[in-house]
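This report concerns only the one structure given below.
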Amino acid sequence: MESSEPEPTEDASMDAFLEKFQSQPYRGGFREDQWEEEFDKIPLFMKKAPSEIDPEEFPDLACLQSMIFDDDRYPEEQAKTYKDEGNDYFKEKDYKKAVLSYSEGLKKKCADPDLNAVLYTNRAAAQYYLGNVRSSLNDVLAAKKLKPGHLKAIIRGALCHLELKHFAEAVNWCDEGLQIDAKEKKLLEIRAKADKLKRMEERDLRKAKLKEKKEQHQNEALLQAIKARNIRLVSESAGEDEDSASNGPAEILLDGLSSENPYGARLSIDDQGRLSWPVLFLYPEYAQSDFISAFHEDTRFIDHLMAMFSEAPSWDSEHKYHPENLEVYFEDEDRAELYQVSPDSTLLQVLQHPRCCVKALTPAFLVCVGSSPFCRNYLQGKKVHR
């Protein structure tokens, strides 16, 4: 009977081989301290491909890439390869590279309309996440042209219109998609949101139109009131005086009646048809000013002066600005002349003066202490009508 045990010569050979293997390290293998880095250089086990593939550093990967993107392959195969590459970038949220890959796939101009529709739709999604909503919508339209019933393209188009605040269009796209799949959850959600926003937009538009109509009626009433009082107006940018009585205020300052001045006030009319003006008081001695947001036309100047100077303002260090000491003037800019205003005059009486002109719908008056040296010097050389 033959023995199954190896002959002594075979055992000796195996022992010699193992001793040699242990004493001489395996050349070309991974180093113990760098095995992870070396492992990551093998294409099959790479966690992430390098952005730039150097054939000398990554020869295996460069070889695979040349095989994958071989121009000798059919356009459909190349386009699909770029589509898959774009999908990988998309999953990594690298949307810029995804756009580039999908674009390369479209450049192949393959004859498969479904594949091209997918490339357009996928690129639209990447563009959307990059914030290029109009580019995304253009791609969706191209995909829809190739494949009208492409549901993903319709969903993306609805999202684009929603983002662009085209709420009615978003609803229409959703309705089109729901004809294909009436239970599509995403379309139902988009439609509900778009319809709600569309209704809000329509409501706001109605409110804006009502407000505009109300303001138009108010402006017409203001214009009629100004014209009836023969008050002269001049626009802020006008080079020459524009008389409201002769030229017609509607042609002069219709837009100005609807706008506030820099202080946030505007000309108004009450239920009795009486006007209240924003008025500016200027104190040239101290380069100071006061603004009255609503100076009623039937109120006297002295009434406002008493209220403003019941206590000395912080800039009146000499405490000389008392109502009984103050003189008020308006300027005739055309003639460079000043007209003194009686403190007992109402605003309307002054505005109806033949030489008083209201600039930018805000009457302005100069105020100074009549007995002060500054006032005498300031008025010196000027023609003053008292």
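Cβ from N, Cα, C; glycine included.
Annotation comment: Swiss-Prot describes Met1 as N-acetylmethionine.
Under the heading phosphoserine, Swiss-Prot lists Ser51 (among others).
The phosphoserine annotation in Swiss-Prot covers Ser244 (among others) and rests on similarity to another entry.
With a threshold of 8 Å between CB atoms, the same-chain residues lying at least 6 positions outside the repeat 'TPR 1' (79-112) that come near it are 68-69, 118-120, 122-123, 125-127, 129-130. What Swiss-Prot lists as repeat 'TPR 1' is 79-112.
Residues 79, 82-83, 86-87, 90, 93, 95-96, 98-99, 102-103, 105-106, 156-157, 159-161, 163-164, 180 of the same chain lie 6+ residues outside the repeat 'TPR 2' (117-150) yet bring a C-beta within less than 8 angstroms of a C-beta in it. The feature repeat 'TPR 2' is assigned by Swiss-Prot to 117-150.
Per DSSP, the repeat 'TPR 3' (151-184) is made up of 27 helix, 0 strand, 7 coil. Marked as repeat 'TPR 3' by Swiss-Prot: 151-184.
Swiss-Prot lists Glu77 with the feature site 'Essential for interaction with CDC6', giving similarity to another entry as the kind of evidence. Residues within less than 8 Å, Cβ to Cβ, of Glu77 (site 'Essential for interaction with CDC6') and separated from it by at least 6 positions along the same chain comprise none. DSSP classifies Glu77 (site 'Essential for interaction with CDC6') as helix under the three-state reduction.
The feature site 'Essential for interaction with HSPA8' is assigned by Swiss-Prot to Lys152 (among others), with similarity to another entry given as support. Sequence-distant contacts of Lys152 (site 'Essential for interaction with HSPA8'), defined by Cβ-Cβ distance under 8 angstroms and a gap of at least six in the same chain, are Thr121.
Taken from Swiss-Prot, the feature site 'Essential for interaction with HSPA8' applies to Arg156 (among others), supported by similarity to another entry. The Cβ of Arg156 (site 'Essential for interaction with HSPA8') has 26 other Cβ atoms within 10 Å, all protein chains considered.
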Spatial neighbours of the repeat 'TPR 3' (151-184) not adjacent in sequence (6+ beyond its ends, CB under 8 Å) are 117, 120-121, 124-125, 128, 133-134, 136-137, 140-141, 143-144, 190-191, 193-195, 197-198, 201
